[in-house]
Amino acid sequence: MTSLPALVPFAALPALVPFAALASTGRLLGSMSGLVCGAQRRLPAHTAFARSHGTATGHAGIVGGAGLSHVKDAAQAFGANQSSSSPSFATSGVAPHPGMKAPSPPTDDEVEACWRPVYDTAYLEKVKPFHITPERLYQRIGFRAIMAARWTFDKLTGYGPNMTEAKWLQRMIFLETIAGVPGMVAGVLRHLKSLRSMKRDHGWIHTLLQEAENERMHLLTFFELRKPGPLFRASIIVAQGVFWNLYFIGYLVSPRTCHAAVGFLEEEAVKTYTHALQEIDAGRLWKGKVAPPIACEYWGLKPGASMRDLILAVRADEACHAHVNHTLSGLPATAPNPFAYGASQLP
């Protein structure tokens, strides 16, 4: 019997597989896909799992005390959307692979994010600007860097009172393209370090990557309200390239300084979105404007939610990022991630 060539053309592979094996594979895939058939909504399997089980969030529900209650609340909120026939993946259970799809194709909004924050309405109204006083050297360096960057950006963009809706959206879109960089850079660097050192990361990676995804969802939401022109897009490319490399080098030198800087950056974001809310409440911005559908899907806002509801949710996200990064900046790089799974509200 002659042996097969070492390299078989990809197109010829199906002819080499016995029909019995194909039939068995089809039955196996059919039984596996049945795991997600009970969901009421058209969600990919990994989303259904996240809603029934909870995922690691980077948002601050500290393990223990109030943090655990946030985890339970978030899990109950997610679980309420599942039908009684939906699978429940206990601690010892097996979750479906993220690549498995529901029978009906999900919408773009449903698959855009792997995790969705959940907030109580009362909590959203209570989030206010706050500030951590920089005491140690790395905190002072991070704080001064952010203050210098904000002063420069405010002058260049004319930030101040009586800004139009167009200027607000221009500012938000630009800042969110930058805000999504730190979590991704830090997550990638820690991921690579874990690979080359062959040691565990202790839970930081998914917290950082989910922070980056959350900021990206802010961008995609505001992008639905304003489409930037070619010049604006070009400025984003330049700014992203510069900031990515600066943060990359900075994180290699001093991760805690970078986390402190992001903490102060997010403090400023909370101030900015609070200012926007004040303008909305005064009737100067987005009168009668409803939030884009992607926002209702991502934050679980009620249909027809207002722009005020959207800005409240975004502000709460930024408050969480500030708390998370200030906390991480004070921990050794080898310390376990202190944040709870499935929580999105500050303790």
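Note: Cβ is positioned from N, Cα and C throughout, glycine not excepted.
A TrEMBL annotation is a machine prediction, not a hand-curated record.
Values in this document were obtained by computation on a predicted structure and should not be read as measured data.
Noted in TrEMBL for the protein shown:
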| type | residues | note |
| --- | --- | --- |
| SIGNAL | 1-23 | signal peptide |
| REGION | 80-108 | region 'Disordered' |
| COMPBIAS | 80-91 | compositional bias 'Polar residues' |
| BINDING | Glu176, Glu215, His218, Glu318 | Fe cation 1 binding site |
| BINDING | Glu215, Glu266, Glu318, His321 | Fe cation 2 binding site |
Among the binding-site residues Glu176, Glu215, Glu266, Glu318, which residue has the fewest other Cβ atoms within 10 Å of its own Cβ?
Glu176
How long is the line from the C-alpha of Glu318 (Fe cation 1 binding site) to the C-alpha of Glu266 (Fe cation 2 binding site), rounded to the nearest angstrom?
5
As a whole number of Å, the Cα atom of His321 (Fe cation 2 binding site) is distant from the Cα atom of His218 (Fe cation 1 binding site) by 13
For the C-alpha pair, I'd like the distance in angstrom between Glu266 (Fe cation 2 binding site) and Glu215 (Fe cation 1 binding site), rounded off.
11
Specify all same-chain residues, apart from the site residues Glu176, Glu215, His218, Glu318, whose Cβ lies within 8 angstroms of the center of the Cβ atoms of the Fe cation 1 site, ordered by sequence.
Leu175, Ala179, Gly180, Asn214, Arg216, Met217, Leu219, Ala269, Val314, Asp317, His321
Within 8 Å of the Cβ centre of Glu215, Glu266, Glu318, His321, which other residues of the chain have their Cβ, at the recorded Fe cation 2 site?
Ala179, Glu211, Asn214, Val262, Leu265, Ala269, Asp317, Ala319, Cys320, Ala322
Proximal but sequence-remote residues of the same chain as His218 (Fe cation 1 binding site) (Cβ under 8 Å, at least 6 apart)
Met172, Glu176, Ala179, Val314, Asp317
Other CB atoms, at most 10 A from the CB of His321 (Fe cation 2 binding site)
26
Glu318 (Fe cation 1 binding site), DSSP three-state class -> helix
